[in-house]
């Protein structure tokens, strides 16, 4: 046990060990030398992970630095600190090395450079003399320096700087000032200002005087390009490229840019940003090519060309990975990188190149490192370095070479391996050992020899085919190499095969039915079979699929039932049965017969005024031949789809054409087709395109021709318009024919609008209420149709000439008054008059009166909604369609006093022997109210029944009602002025005993309906 514990500890410890890996590498540093003092220092960063913790070293220009006490070099972790910087001694290339027991890795290169800017050596410069109109170049000649510079020029005195424009240009490459065409205003002193962008120091050169010559003005001349870029310009990927181009000339030349291949500039290029400079940000491969600068004025043009060459530092695309190999094996590590120019490769071991290629078994071809016959001396850290002139990239990988005796502790043979009789089985043997040794097998105590059924694979595993019962037993794998021998054993169990006894089949079923798909098996009794079903190779999830699928098999059966089967359930069903040793499957094809699918491609081939010829293509018959087709149509005027008549009357299943008959002319139709078979009728096709039937003469005349009324000397004729679907064509209208009764000739008038339903004929000779014969015909663009039957219509009548007589008004209550009169006699030329009553309060004017109309020869009416104790004036007039006659004499009538406003209170009730006895306090009317003459008791058995009414002139009542029901009761006072306000609702509950007593004030069992009723009563009594 102690040995196992130590081995376990060592295994866990080995898992924690790690070769060095950089987490931070040094970067290049540019240090301003102008600001150096004794305390200035720089620090190169370097960090690495590893277990054991890495040890750090540094080299400068390939030579190891040895930090010692008191020296200018010191280490803090992996960081290198350099103090008291010395420009001559410390400038160079630095690399960090990190080492532990697994090996050494070296970092990328990092440079230390010193930026500086010295003063100009000369203190005076000769003057430059030019003619007006001539171009000139003023040289800057920057002093010795290190680091990027920027240039500007002072004109005469600081802070007046030369502004660059189309005439003046300062090159940031040379620092020179270019003036394309000198003008008198340019005369003066020019001073070049040089700035180091790293040190931020600035120096000024000596002034250069610019003077004009007095021997004339320079004439015009063609452009001369003084500032031009090289013929080949390397540009890094992602950098910003600037090309300079400027020309002297008179007139001042214009500068334009173009690509010689004709490709337009990308949107990122702004050619107008700075005159004389083409700037290309974020340079990419597609930006490479030949560029041309064109300088042009009225005297000519000049050009200069240069090629932008794309380059990119290396970038790794395939890195070597840490590997563990057995002794004597071979190793191949691939290392690939992109870059332009194409990267070169070199390999390092533990930070050194020298020792890799000293042996023939170690080769580097196209970046790939191969080592054959690995030894323990090959262990270490390897680095692939891919580089071109623009940079280098490093990748690290660890090589471990292992040499151990065979060990099964991590990969024991399976304790039990099962195989079906007649099946094949593989018993794996995977011991840990290095180098790979010899593997043999034993069954029981006997060595196992290879036969046509038994073979030992190259990896040591044992394959056994066509297993029999005699193959069962204990199998042992023995592994050995030069370091030792080990073995592991396991048993092989041979089981009876699983066989599906249900034969493959093709089943046939109709939509809506249910079916059982069988899957019966025989299997080894010690194994549990698992059944899985697939539909068209997709797994069936029982419980989903709308509940159509259900398992109904027993222990040794995988039968399933499909309930209420649908067309979409047709297809291939596969039953798969699996045990721990084998699996088998069987397929059943299920055909589902159902109504046909929808026909397709429904077209209207030809259409007339009442017929349409249709064609279509059949849809799927769903395994049952189509026996018939049904055609349906719809119009904007129909309620949905309607069946139509066809020729032939019955459209057989083999026909794909038919003629629809009995259509309405000039109507837009859509058609669809439904297919039927012996199972049923399927879904309809998609509708055809709309098609309009042709026009024909109209056949339908207007309905309900009548008329009458109107003004004097008018004949008003009315009818119901013919619906649009019955007009049979455009330009539809009506022909109105009329004549006096018993006359011979007809007068006619055309009404050219399908929506019009009225025609008025006016003639001063028409006598009031004269009968006419009237008929209305129709027409459209095709011609005139028929007339409808003639009817009798009377001309307009004249208004009544006299007023009703014997007017009498009497008050019925505080709000109702009854008015009676004698009807007017019926005079020839007039229909019987109708009456209109006008009434108003006596203190009001007649113009404010209200009007109540009656129809027919009535001789009385009741006016309701009046105020109590109020005198009203009433007149009666006769009226007809021609107007209103004169008023009758005015009759005054006074309504009765209002009914009592106080409701009955102190209502008491008791029950005795199927009787309910009610008592309440006498209601006293107010001075302006009518006296109480009695009471109305309203009662109902339950809340949904209609109330019954009992009247009494006393303050008590006895109701003979069964007491096993709940009752709701209200009491109203009545007087000469009508009914007064009601008492509160009283609910008398169901009584189980012979006697009970209660009052309205103590009853609190009001239901929700009682609450609503009380609320309504309260509102209506205000």
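Note that Cβ sites are derived from N, Cα and C of the backbone, with glycine treated the same way.
Annotations in TrEMBL come from automatic prediction, not curation.
Check TrEMBL against the ranges 643-677, 678-712, 713-747, 748-782 and you find region 'Disordered' recorded for 678-712. Per-residue pLDDT, averaged across the domain 'Fibronectin type-III' (598-696), gives 96. Ranked by the number of CB pairs under 8 Å to the domain 'Ig-like' (20-113), the listed stretches 223-309, 314-400, 899-995 are led by 314-400. For the domain 'Ig-like' (314-400), residue counts in helix, strand and coil come to 6 helix, 51 strand, 30 coil, using DSSP.
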